[in-house]
Amino acid sequence: MGYGGRRAGGVLEDLLEKAGGCAVIDGGFATQLEKHGASINDPLWSALCLIKDPALIKLVHWEYLEAGADVLVTSSYQATIPGFLSRGLSIEEGESLLEKSVKLAVETRDRFWDNAKKVPENSYNRALVAASIGSYGAYLADGSEYSGYYGMDIDLAKLKDFHRRRLQVLVKAGADILAFETIPNKLEAQACAELLEEENVEIQSWICFSSMDGENAPSGESFEECLEILNKADRVSAVGINCAPPHFMESLICKFKKLTDKPIAVYPNSGEVWDGRAKRWLPSQCFGDDKFELYATRWRDLGAKLIGGCCRTTPSTIQAISKALKKGGKVENP
């Protein structure tokens with residue numbers, strides 16, 4: 001097939017080997033913060049807790065590690081320098097909060113792993129910390145990460161400028177990998193891939209798209225177009241889909257398998273639909289933990305290498321996925 005762009009011997013490959021070929025990403029962050037009483041109805045969303053309640057962030061990380069997550073995604077999805085500036089913070093304060101998002105995850109991971117190592121034959125892997133880099137649309141907080149339409153004045157250079165400083169800070173803060181999330185169009189995927197090259201980023205990264213129809217990127221562009229760019233990007237170690245409905249995953253994994261040789265990550269939402277303008281979840285059919293447990297093995301057998309959850313999934317969802325994947329063996333088509 002020859003769709004290259006993978007550098008061997010990185011932390012991601014090491015984790016996949018330790019995890020038996022398929023590792024577990026954590027689940028919904030804001031969902032769990034709200035469950036513990038956090039009020040995050042704010043343009044900064046879960047990043048608000050970096051300012052108001054960092055201890056709660058560590059608690060949520062810990063819950064996901066206990067549930068069996070092999071990858072902890074930081075609370076920086078909606079944390080951007082422009083977003084912090086709009087809240088009256090200085091650039092230095094904004095950068096400090098970005099650093100804090102990584103440090104909170106690293107400290108929690110290290111403490112958890114120190115404890116786990118003391119238990120003979122524990123079933124845990126030493127988790128990687130993935131610094132979350134939400135799309136430009138996530139910063140806009142207008143739902144455009146689910147439409148892919150950024151307006152006529154947004155070009156490649158502007159998207160790179162938007163992401164550049166945050167990327168630099170998160171790398172320097174000590175993340176193991178970078179997780180570009182809910183990318184809605186080819187232009188932003190290209191901007192992220194080129195930025196990794198321009199900044200000579202040495203840690204590994206993945207780029208995950210969202211999808212509203214189960215066929216294409218939210219912009220309407222085909223994944224063939226989007227992945228053509230990423231296949232040539234040596235610094236992009238994995239590709240995938242996040243925050244799309246779980247019932248899209250099977251066909252999207254099959255599609256991605258034909259289009260790339262890179263490891264595929266899938267971490268869908270619960271199937272509920274987010275109204276980005278009204279800022280609320282619409283009533284809709286959703287996957288329960290039992291379905292995630294059933295389908296996780298199916299997604300793995302189709303070729304997914306990293307599986308987890310996004311919005312509205314919880315530690316119990318991740319526990320169900322982890323339990324299913326660690327059982328081993330193949331299942332019939334559910």
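For all residues, glycine too, the Cβ spot is worked out from N, Cα and C.
Copied from TrEMBL, the annotated features are:
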| type | residues | note |
| --- | --- | --- |
| DOMAIN | 11-325 | domain 'Hcy-binding' |
| BINDING | CYS243, CYS310, CYS311 | Zn(2+) binding site |
How many other Cβ atoms are found within 10 Å of the Cβ atom of CYS311 (Zn(2+) binding site), counting all protein chains shown?
-> 20
Looking only at CYS243, CYS310, which of these binding-site residues has the biggest number of Cβ atoms within 10 Å around its Cβ?
-> CYS310
Taken over the domain 'Hcy-binding' (11-325), the predicted model's pLDDT averages 93
Quick one: which residues besides CYS243, CYS310, CYS311 have a Cβ within 8 Å of the Zn(2+) site's Cβ centroid, in sequence order?
-> GLY28, THR182, ASN242, ALA244, TYR267, PRO268, ASN269, GLY309, ARG312, THR313
